[in-house]
Amino acid sequence: MNFLSTCRGWGSKKLGQILRAAEMVSPILFLIFLGVFLANPGNVVSFMLPGGEESLRLGLTPLVTMMAGMIMGPLPGVLIAFFIDFTSVAIWYGLEQFLFFFAFAVVLRGLLAGYLYNRVFKRFTFKSVFLTIALTYVITSGLLTPLALNYHYGQPLMANIGHRLSIQALAVPIYAIIAFFILKFREENQKLKKMYIKMEKLAQTDELTGLANRRAFIDTLNKYISAARRHEQELHLIYLDLDDFKQINDSCGHQVGVILLRQVGRVLREVVRAEDASARLGGDEFALALFNADADQSRQVAKRIRTGVENIKIKEVEGCCLSVSLGLAGLQQEDTYEDLLMRADKAMYRSKKKYKKQMVRETKRAKPLQELEAGISNEPPLAEKDRV
């Protein structure tokens, strides 16, 4: 791999990390923005308490901080609540109005809501949502905020608590209903997302072996071909076909054949690297795409596949042994996925026709069928070191 392709690979990896980080951060930024916007005095309802003193403002910002904890968790709820409070005070009232005890009450609101909903109740019901909102809001706004007002401004504690609790008796049900429908929408959206992921996986997976199916493998192979050309890397394809599988299936039974296919899938999963792709193409045919692997590395993988397949044993059935024919093809300049599959397939059939349990590599020029993949040597085909 040259320096340029290394830089390209590093850049693609970093871009993916940046996009994943942005996906995680964007909901947090949205909640902070929404909370700050709703904290605008123009978006808040003010209540004149007895004596003509305006001491209670009721808005949706407390709900946003509680929802942040319920959705994101206790610790993110703390951070979001703090940034909402600090930014709101700085923008709408001036930093001189930022007081520690008020900030503590706001931060505790995000922490407590996240803890109650995710650690205590642990499930989505209207009861759990209502209790989370009620307990959090009463403790933070009904008790801690009056304490802060008493500490900073000398406002009467018990009278303030009583007035706030009377207003919160109206606010809590409204908050709970809004929170319930938001969380209900979120729950349904997550269910649909999980269902979509499951259906997408089923559409791309061979049910019998758990490997990718033909359609998914071709999609991946096309991506590998594009990436190999873009980053100037090698790509090899191994095509596998089980020898005499029909006879084994007929003589040992269909259920044994199913077990053997599953075991072959297990062998391929154990062999592949994270950057490789394996699939069952249909019947007893399998394929393995080796990204950024040269011919020698591909031969070693083929050896491990052959050894793994031949070591498959079924205790309940004596005498059912598997062997495999393999074909290897490397990506050429103008290859499409069809060209690569076709050449690997032809190499596999040459191997099956003449030398079962061996592997033949398809090359640019036509080779005699006796030539096996061992540095493209012309040694006799029975030489053990030439077999794969």
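Placement of Cβ uses the backbone N, Cα and C atoms for every residue, glycine included.
Whatever TrEMBL says is automated annotation, not expert-curated.
Marked as compositional bias 'Basic and acidic residues' by TrEMBL: 359-370.
Feature annotation from TrEMBL assigns domain 'GGDEF' to 233-365.
Per TrEMBL, the feature region 'Disordered' maps to 358-388.
TrEMBL lists 28-49 (among others) with the feature transmembrane segment.
Marked as transmembrane segment by TrEMBL: 70-92 (among others). Beyond the transmembrane segment (70-92), the same-chain residues lying 6 or more positions past its ends with a Cβ under 8 Å from any Cβ of the stretch are 27-28, 31-32, 35-36, 39-41, 61, 64, 98, 102-103, 106-107, 109-111, 113-115, 117-119, 129, 132, 179, 183, 186.
Annotated transmembrane segment per TrEMBL: 98-117 (among others), in sequence order. Only residues 6 or more beyond the boundaries of the transmembrane segment (98-117), in the same chain, are considered here, and those with a CB under 8 A from a CB of the stretch are 62, 65-70, 72-82, 84-86, 89-90, 128-129, 131-133, 135-137, 139-141, 144-145, 147-148, 151-152.
Taken from TrEMBL, the feature transmembrane segment covers 129-153 (among others). Residues of the same chain lying 6 or more positions beyond the ends of the transmembrane segment (129-153) and with a Cβ under 8 Å from any Cβ of it are 55, 62-63, 66, 69-70, 99, 101-102, 104-106, 108-109, 112-113, 116-117, 121, 160-161, 164-165, 168, 171-173, 175-176, 179-180, 183.
Per TrEMBL, transmembrane segment is recorded for 165-185 (among others).
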Secondary structure content, the domain 'GGDEF' (233-365) (per DSSP, counts of residues): 60 helix, 32 strand, 41 coil
On the domain 'GGDEF' (233-365), the mean of the pLDDT values is 86
